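A.B. asks: Sequence annotations record features per position, and here Swiss-Prot assigns ATP binding site to Gly91, Gly93, Arg94, Lys114, Asp126, Gly127, Arg177, Arg184, Asp263 based on sequence analysis. Marked as active site, proton acceptor by Swiss-Prot: Asp253. The Mg(2+) binding site feature in Swiss-Prot is assigned to Asn254, Asp263; the stated evidence is sequence analysis.
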Amino acid sequence: MTKNNEVGWNLDNSYATLPQSFYTEIPPTPVSSPELVKLNHSLAISLGFNPEELKKEAEIAIFAGNALPEGAHPLAQAYAGHQFGHFNMLGDGRALLIGEQITPSGKRFDIQLKGSGPTPYSRRGDGRAALGPMLREYIISEAMYALDIPTTRSLAVVTTGEPTYRETKLPGAILTRVASSHIRVGTFQYAAARGSIEDLQSLADYTIKRHYPEIEAHENRYTALLQEVIKKQASLIAKWQLVGFIHGVMNTDNITISGETIDYGPCAFMDNYDQGTVFSSIDTQGRYAYGNQPYMAAWDLARLAESLIPILHEDEEEALKIAQDEISKFSVQYEKQWFIGMKKKLGLFSNEEQDQSLIEQLLKMMEKYKADYTNTFRSLTLDTLENTPLFDSPEFKEWYKLWQSRLEKQEESKENAYEMMKNNNPSIIPRNHRVEEALEAAVTNGDYSVMEKLLEALANPYAYSTDQEEYCVPPAPTNRPYRTFCGT
């Protein structure tokens, strides 16, 4: 173990206080010649690290799993999950939690190495990761953070100097992922499937203490836990929908209890507005299509509620009723959050009866004319309606008049309305073709400048800067349909 006081390591290991069935202690597998290719300076500082120290060889060795910082307690977490509806016992097959960094402000964040070698949960996998998917997770997770969407984050990416073998030979890499925690719906499913009520209670109590301490004294704290997670997920999914983000693999092991977005494998952002948009190559039935995401979140949360039944109430029928009552509230909470967000996207401060139909009409027209989701709202925000099939259509012109008169009815000025729109309609998202272009340059040519430029533009999605304009252009029709693969 290396001592790193100048660096800023301040690790704790509260997860290891859970019953040992929840994890396996295992060291990372060393790699031959690690090289740091990306470090997140601002995140490093907020975690209490000195970024310049993190660039030194001793710290790069930690990011590669060749050394451990003082206080590290590497472990692979066990969990279960419904993957495309099928239940499996799972676990960290190629990731290790090395500890929880306590920040200068007293916050706690998991530090996880992804691609750190095989674990008892690897299921015939090699425990390694390829450079492209690790850089992709870095780009998208940081873009999500800039969009103000709760997310895990990326501290560093190192190349390993070793190949990984998938369909082809690819350069290996390890991502250092930072999360409020890695406790998932699947973690609770794992506890419930093992049948120990004591273990289930231990996990629930730990989760409450870590994420929802305000409900610790609640007389029905496990019901309150379910309520809090439902609230967090309703807000999160609404935020996804409002920016056109499609996760692609909403299995229960990818739904966090903290309400953060996790696992950027086959995710992508929607170009043309279409409720049926799917990018993932393995989602052949469209289970996790854009328009299905709220329903799938409710389904996943129902699996959490099921797992909690043994501790919701001593009477099983009563426990079942509590679970059903709470799950039924998800759709109401989601709709409310989405509606509030959509009104902000259209500059609507007050509540009017016509607002719902105003929103629905616009979305219907966008789908009909295959309008670009992000750029339609961007154009409305800038009030520059260039020639597009949507903006040239008679029904849009009619809608535009209604919308303008609705804005004029408000007490707030139009200037304030457009300002609110600017703060809620990103002018830039990580366009799929731009992300691929950056990855191609980095992985194939070792040129990280394309990625750096993209990251710089994505860091301020609401800036409406002229420097970002080249990134606002949708892909050429030949670039569609875009397909994603579960590389992360």
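Using N, Cα and C of the backbone, Cβ positions are placed for all residues, glycine too.
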A.B. asks: Helix, strand or coil for Arg177 (ATP binding site)? Use DSSP.
C.D. replies: strand
A.B. asks: Which residue, out of the recorded positions Asp126, Asp253, Asp263, shows the minimum number of other Cβ atoms inside 10 Å of its Cβ in this structure?
C.D. replies: Asp126
A.B. asks: Have a look at the binding-site residues Arg94, Arg177, Asp263 and say which one has the shortest Cα distance to the residue listed as 'active site, proton acceptor'.
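C.D. replies: Nearest candidate: Asp263.
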A.B. asks: Quick one: Cα separation, Gly91 (ATP binding site) versus Asn254 (Mg(2+) binding site), in Å?
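C.D. replies: Pair distance, Cα basis, whole Å: 11 Å.
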A.B. asks: So the record assigns Gly91, Gly93, Arg94, Lys114, Asp126, Gly127, Arg177, Arg184, Asp263 to ATP. If I measure every Cα pair among those residues, what is the longest distance in angstrom, as a whole number?
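C.D. replies: About 23 Å separates the two most distant Cα atoms.
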A.B. asks: Anything within 10 Å of Asn254 (Mg(2+) binding site)? Look among the binding-site residues Asp126, Arg177, Asp263, comparing CA atoms, and list what you find.
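C.D. replies: Taking Asp126, Arg177, Asp263 one by one, the ones whose Cα falls within 10 Å of Asn254 (Mg(2+) binding site) are Asp263.
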A.B. asks: Please report the number of other Cβ atoms within 10 Å of the Cβ of Arg177 (ATP binding site).
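C.D. replies: The answer is 28 other Cβ atoms.
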